């Protein structure tokens, strides 16, 4: 039997068995492409080629793959020669029909882990690509123990193997599968209340929701993060499908017998709670074990508020057979099996720091930490796995029992920018990669040199639900504080809730910033807080906290929510206000960043300043203000507002205004 005949026979067997497989081609670029093109000639199929520079159609870049979700393909090539976009790779695997090959192109096997990975530019906060040895070593370990994955290396012999036969697979007919049918029976008889259906990709979760709508006697409204993602649901719901976006649903008065929320974990929890209060029966569906994030954290946080919640899980794949080798390999390689929280960590707690090197010497421990963090945070994705394994400046702490992980914290080094760059960030001239809190302290705070200090930001922290309220989270922060003696502060950025803020207060943090718009991911205002370590860190925390207190009443009026600090009455302009106003008038600081000082300027100044007063005092929208003032758009409006502030400063103290103007203009010449 020729090689092509053996390939076709194996592919036919895979189709009968309802499975997909991974074939890894390792070698130089031209060899890998030649082999992949030869496979494309030998096997009929779609052969979607995912690469930045593909030699054949159909093709798309890894970044464009999200636009193809919901479609299906037979066979695909994923080019990882220059970089491995893990989310795109996982998404591609989910589009492949039963009987498909996913062909992965990699650099020569021995050189792979030392090669700079272009994808690292998205998550490493480095200006140049970095090598990713821990991730590549992890992939190699997964490949080595997986007998179902095929590996063809340049200059090495290869033949198509024969695999033992599996049971023949019966593809879905469109009727509910046994697992779906059982859940449908429960839902159709369900009294008023909330139900949640969780599933990994390809389990028919959206189909189940559509089947519920088509079979119910009453009416239903469907909502989801995007309508485009509800195509499958709409197909099964038929004529009874009715979609409203979450914000439109909340703004209106529409009602129905059921509210169906598809991918509920991707909708901000406060918004979801408000929606849930309007309907008597609610079905929430969300993905667990996925490249878009995991839903177990959603179940823990959101569903805990509904004590009589009915929970269902779909386990049986619909689009391929149980035990599909490709699904198993992707799940193991990208660690989609997050912590289920089914088993409580028992016994005494031992706190221990570890580094990324542990992925090489003892991978079980960092793997368990990642699974805990993934299970507790909805938005954990393969990008976070890549960062945890190989990004510079990462620090990890675990709270371990004898056999399990009870808690973990992940911190990221920030700051240490040059004085010139920090000043340029403050003035709005630069936003270099990374440094979330350190940059925000400069860009939105009052100290142009704030980003020169060294901080460690708490990126993630989680405690197993069975061990919460024992002080483990606080102890993790205390351990992090003790291990950061050479830093100026610890920092955290989070979606503000009173409950979360109480935790950070107990840890000793000082609130230094509240955002002025709600984050889409949490439905909350962003809060930032510091735990000072050095004297310089203490001075910065005090200065920014006092600034927040001066702005508190103004921010509260703007946000419509109280700021959790003791307000300071301040109607006069101090030195910090003058600096900030100069940064707005003569440089590029944003309008809302300067809300407090601008509001105090309007109180002090008797000039008309229509562009500024219209926005800040009347809360007129940019569009309406442009019409009123005869301006062509938002850019022209911002120019007018900056000009008005410059005019007001000059009127108050011309000499001081010019001196500050000359200073902030110098800051654009950073190095």
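The backbone N, Cα and C atoms fix where each Cβ goes, and this holds for glycine too.
Long-range C-beta contacts of residue 180 (ATP binding site), restricted to its own chain and to partners at least six residues apart, with a cutoff below 8 Å, comprise 204, 207, 208, 211, 314. Marked as ATP binding site by Swiss-Prot on the basis of sequence analysis: 180, 202, 203, 204, 205, 206, 207, 208, 209, 210, 211, 319.
DSSP assigns residue 463 (acetyl-CoA binding site) to a strand. Taken from Swiss-Prot, the feature acetyl-CoA binding site applies to 461, 462, 463, 468, 469, 470, 471, 472, 473, 474, 499, 506, supported by sequence analysis.
Look at Swiss-Prot and you will find 349-531 tagged as domain 'N-acetyltransferase', backed by sequence analysis.
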Quiz prompt | Cα separation, residue 203 (ATP binding site) to residue 463 (acetyl-CoA binding site) (Å, whole number) | solution = 29
Quiz item: Between residue 205 (ATP binding site) and residue 471 (acetyl-CoA binding site), what C-alpha distance do you get in Å?
Solution: 38
Quiz prompt | Maximal Cα-Cα distance (Å) across residues annotated as binding acetyl-CoA, namely 461, 462, 463, 468, 469, 470, 471, 472, 473, 474, 499, 506 | solution = 16
Quiz prompt | Diameter of the ATP binding set by C-alpha atoms, the set being 180, 202, 203, 204, 205, 206, 207, 208, 209, 210, 211, 319, in angstrom | solution = 17
Quiz prompt | The one of 203, 205, 469 whose CB sees the fewest other CB atoms within 10 Å, among these binding-site residues | solution = 469
